[in-house]
């Protein structure tokens, strides 16, 4: 009777949530000297004991899991708070930067730089205008033949005859650059080379700047009047640029013009019927401005490209009326 009651009582403990109570009653049930269990009852109590132990472990595991959840719940607000603090700090920094730039770009702070910039711009603009004005004055002075100290006095008035037999003076070329060369039609090599150089420079000018081609006139002046008649000069110029104007004259006329243009020439005494002599002369190409003053001169070693470049620069830099 006691054993049966004890088993019933112990079986109720399966529904108990207090593990310590289960263990205490189980201990009393097995150790009581007044309880005698049959083998089947003893086996049942052992199974019950094992189930109680498993149940106890489950309770412990649940308690630990509950503690972990509580710990996580406590840590989550901290992390959220830290994130909130960081966001607030970042927002504060952004607000500070925006406030700084807003103050920096305020109208009060922009007025002074704007005024300074306007003053600087006007000063630079005035300086550019002043330099242009000075350059124009210098160019006008150059057009009026205000030469530097030590510059050679070269050029001047002349009266010669063209290939048609017409009398030509230097005044007929005013308003244009005179591109001049002094030589003779029987020159074997030097004169043809220089004439070809002038022809090439003129062709480059016509190709690259056709609008400037009519501002320059090429002129060939003979320093061998006994042999270079109007017809001889005309035939000679057929091999070169078609715009060439050929000039010749009496020995006295040629002597005067060569002296004014600093052209050295030495022809032997002319004898009737003797045609196989050479004329020794200086080798220079002259560029005279529209007022008849020296603008450029080119030595024998100057290439056609360089001649073209300097002729172009002289025409472009000239202050045309």
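Glycine too: its Cβ is placed from the backbone N, Cα and C atoms.
Those TrEMBL annotations? Automatic predictions, nothing curated.
These figures come from a predicted structure and were not determined experimentally.
Residues near residue 191 (Cu cation binding site) in space but far in sequence (CB under 8 A, at least 6 apart, same chain), listed by position: 181, 183, 184, 185. In this structure, residue 191 (Cu cation binding site) is part of a helix by DSSP. The Cu cation binding site annotation in TrEMBL covers 187, 191, 281.
Of all Cβ atoms in the shown protein chains, 19 besides its own fall within 10 Å of the Cβ of residue 187 (Cu cation binding site). The disulfide bond annotation in TrEMBL covers 187-191.
Among the features that TrEMBL reports, domain 'Thioredoxin' is placed at 149-317.
The region 'Disordered' annotation in TrEMBL covers 66-95.
Sequence annotations record features per position, and here TrEMBL assigns transmembrane segment to 104-124.
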Taking the centre of the Cβ atoms of 187, 191, 281 as the Cu cation site, the remaining residues of that chain with Cβ inside 8 Å are 182, 183, 184, 190, 194, 223, 279, 283
Using DSSP reduced to three states, classify residue 281 (Cu cation binding site) as helix, strand or coil. strand
Cβ neighbours of residue 281 (Cu cation binding site) where a neighbour is any other Cβ within 10 Å: 20
Confidence over the domain 'Thioredoxin' (149-317), expressed as mean pLDDT on the 0 to 100 scale, is 92
